[in-house]
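TrEMBL annotations:
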type     : residues : note
TRANSMEM : 55-76    : transmembrane segment
TRANSMEM : 83-102   : transmembrane segment
TRANSMEM : 146-169  : transmembrane segment
TRANSMEM : 175-194  : transmembrane segment
TRANSMEM : 224-243  : transmembrane segment
TRANSMEM : 255-273  : transmembrane segment
TRANSMEM : 285-304  : transmembrane segment
TRANSMEM : 310-333  : transmembrane segment
TRANSMEM : 345-363  : transmembrane segment
TRANSMEM : 375-396  : transmembrane segment
Amino acid sequence: MDVTAPDGAGAGVATLRPARMIRQTRAVYFLTSYPLTSWFSETARVHDRFTVSDGAWGVLLMTAPAVTLVTARAYPRLVPRRLAHRALALALAGMTVTVFGIGLCSSVPLLCCLLVLLGVANAVLQVEGNSRAHLIESLTGRRVFASCHGCYSLGVLAAGLTAFVVSAWRLPAVVHFWVVLLVGVTGLFALRIGPLAEPAADGSGAGPDTAPADPVGVRFSMPVLMALSFVLLGMEAAVNAWHGTLVDEGLGFDGYSGAVYAAYALGGIAIRFTGDLVRARWGTLAAFVVAGPLASLLLFAALAGRQRLLVLAAFLVLGVAQGIAYPDVLKLAAEREPGEAASHVARVVTAGTVGVLLANPLMGWVCDRFSVVGAYAGLGVLLFVTAGWTTVRYVLARRT
């Protein structure tokens, strides 16, 4: 089966087999996450090249998220949908080249410029990648959204392994950035991203299949989806940045943070590659309404009991809850209105980026005022309330 543009949709729209469309989109997610998280994994070694204080460096690192925040909101209004595939390809190339440039630069002004470009590329890739995954579901009738995010997680894992090998072999950080360039250029040449037909508002522009119906049909307003994105990405940022402090200092398990974070990452990867099946059987957010409350309870038990296996279990289930919740929120936003997926996704991405920007300063303040254990207890409460409220909405939707 081929997916083609409907009559009148415009010349030049790609005719692609569904399997190829899905492979391309999954590759886009991987090629987004690998360079971005390679930069995250080498941030400390890049910092060593600059005579910049820790405080100034922290402010400097906020440049890219701040630019992502502004760009994600403005982008759908600036770029017409017929040029979406070109914007996606350009952003992929920009992400790779920008991260490579960051790996080589030794000038603070140049680094600032590169971080601005990184923020722009990241915003475009978040909006277009998620919009394209939703569009492919509409065109092919196949559920692929969660597995696309699974490929993003594989990129994160690959970046971490690359950083580990480079460090273990005592190679300079620039080697990692050369690998980023090689992977990015190879991927771009292999992809050749083309345009896809946008379904019309009346459904006449859909492909040979239609998007599979959600068995539950839970729906949220855009302000609610934006609030969920704000909370979920804020919690994710807090876990990413502060899990080491909790494990090594707060709980006293020095050297155990790597294992804990691996459990967290594996939980996210596992649910993202099975999330489409879960959504097909029980509906969007079904996995979160189970894993969310369980993760918060396990986290409370781990903070109180201070047992290694309990901490591992808590972060494994937390990875499941966090790993599926944000993709599900993006999916709910994308399917709210035919033809407006990019605009709605951009609003959710914007709200989530605000959560990322505020998470670390807030966690730092709570840790200074109380303790890192107290900060994670607060995260547990926030997760329990968020998941509990979502569970109520999910149960009510199943009854109607």
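Any Cβ shown, glycine's included, is placed from N, Cα and C.
Where the annotation comes from TrEMBL, it is an automatic prediction and has not been curated.
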Quick one: do the transmembrane segment (255-273) and the transmembrane segment (146-169) have at least 3 Cβ pairs under 8 Å, skipping pairs fewer than 6 apart in sequence? yes
Can you see whether the transmembrane segment (175-194) and the transmembrane segment (83-102) are touching - at least 3 CB pairs under 8 angstroms, only pairs 6 or more apart in sequence?
yes
Stretch winning on C-beta pairs under 8 A with the transmembrane segment (310-333) (pool: 83-102, 224-243, 375-396) is 224-243
Problem set entry | Segment-segment contact (the transmembrane segment (375-396); the transmembrane segment (146-169)) at 3 or more Cβ pairs under 8 Å | no
In the same chain, residues at least 6 away from the ends of the transmembrane segment (146-169) whose Cβ sits under 8 Å of its Cβ atoms read 25-38, 40-42, 129, 133, 175-176, 179, 265, 268-269, 271-276, 278-279, 323-324, 326-328
Same-chain residues at least 6 beyond the ends of the transmembrane segment (224-243) with a Cβ under 8 Å from one of its Cβ atoms are 257, 260-261, 264, 315, 318, 322, 325-326, 329-330, 332-333, 344, 347-356, 358-360, 362-363, 367, 372, 375-376, 379, 382-383, 386, 390
Other same-chain positions with a Cβ less than 8 Å from the transmembrane segment (83-102) and lying at least 6 residues past its termini are 14, 28, 31-32, 35-36, 38-39, 46, 75, 110-111, 114-115, 117-118, 120-122, 124-125, 128-129, 131-132, 177-178, 180-181, 183-185, 187-188, 191, 193-196, 342
